[in-house]
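Enquirer: What Swiss-Prot shows for this protein is this:
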DISULFID  C40-C92  disulfide bond
DISULFID  C65-C88  disulfide bond
DISULFID  C100-C150  disulfide bond
DISULFID  C125-C146  disulfide bond
DISULFID  C158-C202  disulfide bond
DISULFID  C166-C189  disulfide bond
DISULFID  C181-C198  disulfide bond
DISULFID  C210-C259  disulfide bond
DISULFID  C220-C242  disulfide bond
DISULFID  C236-C255  disulfide bond
DISULFID  C267-C320  disulfide bond
DISULFID  C292-C316  disulfide bond
DOMAIN    40-92  domain 'BPTI/Kunitz inhibitor 1'
DOMAIN    158-202  domain 'BPTI/Kunitz inhibitor 3'
DOMAIN    267-320  domain 'BPTI/Kunitz inhibitor 5'
SIGNAL    1-22  signal peptide
Amino acid sequence: MQRNILWISVVAAFGVFHFGECTYQDSGEDSSSMTEESRCDGPPHASRGLMNIPGWFYDGSRDQCRRYHFPDQQFDMAKNKFKTVTECRKSCRSTVPLQCFKKPPQTIRTMGLPVSTYNSTQGECVTIAVRPGQTGPNIFRREVECNETCRDPEYGKCAPLHIVDCGGSTGNHYNLDKQTCEKTTKNKCGPFATLEDCFKRCARYIQRKCNIPLLKSEYCDIVDLRYWYNSESKQCEEIMGCADDVYNFPTAKECWETCSSKEESRCLQPPDLGKLGIGRTRYYYNITSNRCLTTTHVAFWQNTEKKNNFKRRSDCENTCRPKHKDVKKL
């Protein structure tokens, strides 16, 4: 894997580093009235050095504070370079209360009272149980209050309130109920000029990422293999992407199991293995390891066209492990 990559121009590689995630991740939101707008513009601040200093930067296209490793430890208050996610949120995402990222204490449902809290990892207000009389950050008695305080401000342009009446049909918008981006209907104006802009901003709120165009984050901290579901070919394709991408899947298994089925793809069927250990060499797809492995078959006359059993390795690879044309080896 590689780190600190600009997708437009690959300029450096700094090794590998894995890090833990917050309980409630930063799912992103619009902040048009930012207190330090210039600091939040553009790419993560590029500087010289050989260090790997963890920090954060604000990604305007995703409207999200993202992890990044910088080559030096100088944090300039005027640059898109932050020591903590809280500092980034205060500077670039000030329209969303910081309480919306707090995880409140919970108790057993049978002993507590149901309240609503905003889960920024899921991008929605969920019901939890708290002790009777419990108050504090990110605890709301009603879901509508949670939506108004946290969800809608964080969704920003993806929120329903950004679709307004107008004289003609203009722009595109995010349909919260359908969880997809679409062209705005007649006499309504959407906040996005293109569907791609909408998906870039709102894809993090889509739970089933099976109809999202091929998108990649412009700036990468860690470059890794990712898996994108091609809704036309109905296959999970291997691509190069960021480890924290919100447009695709981290594993082929998750991609196949989310977007396809045993009836639709033989790649999801249990492997058709030979039982005698003799016969002609055949191939099957192991979805867990994402590999095409060998087996043997005596009953070569059987029709295996719809089974997880392939005559040639290339047939297995092309069917279950297709690579998008831009994929390069790490």
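Note that Cβ sites are derived from N, Cα and C of the backbone, with glycine treated the same way.
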Enquirer: Run through the domain 'BPTI/Kunitz inhibitor 3' (158-202) and tell me, per DSSP, how many residues are helix, strand and coil.
Expert: 12 helix, 14 strand, 19 coil
Enquirer: Using DSSP, would you call C220 (disulfide bond) helix, strand or coil?
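Expert: In three-state terms, C220 (disulfide bond) counts as strand.
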Enquirer: Helix, strand, coil: count each for the residues of the domain 'BPTI/Kunitz inhibitor 1' (40-92), based on DSSP.
Expert: 9 helix, 15 strand, 29 coil
Enquirer: Tell me which residues of the chain lie with their Cβ under 8 angstroms from that of C320 (disulfide bond), as long as they are six or more apart in sequence?
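Expert: In sequence order, the residues whose Cβ lies under 8 Å from that of C320 (disulfide bond) (at least 6 apart) are Q235, S265, R266, C267, Y285, I287, C292.
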Enquirer: Neighbour count first, Cβ atoms within 10 Å, every protein chain included; then name which of C166, C236 tops the list of disulfide-bonded residues.
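Expert: Ranked by Cβ atoms within 10 Å, first place goes to C236.
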Enquirer: Averaged over the whole of the domain 'BPTI/Kunitz inhibitor 1' (40-92), what is the pLDDT?
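Expert: Averaging the confidence scores along the domain 'BPTI/Kunitz inhibitor 1' (40-92) gives 92.
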Enquirer: Within 10 Å of C65 (disulfide bond) (Cα-Cα), which of the disulfide-bonded residues C92, C100, C125, C181, C189, C210?
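Expert: Cα filter at 10 Å returns C92.
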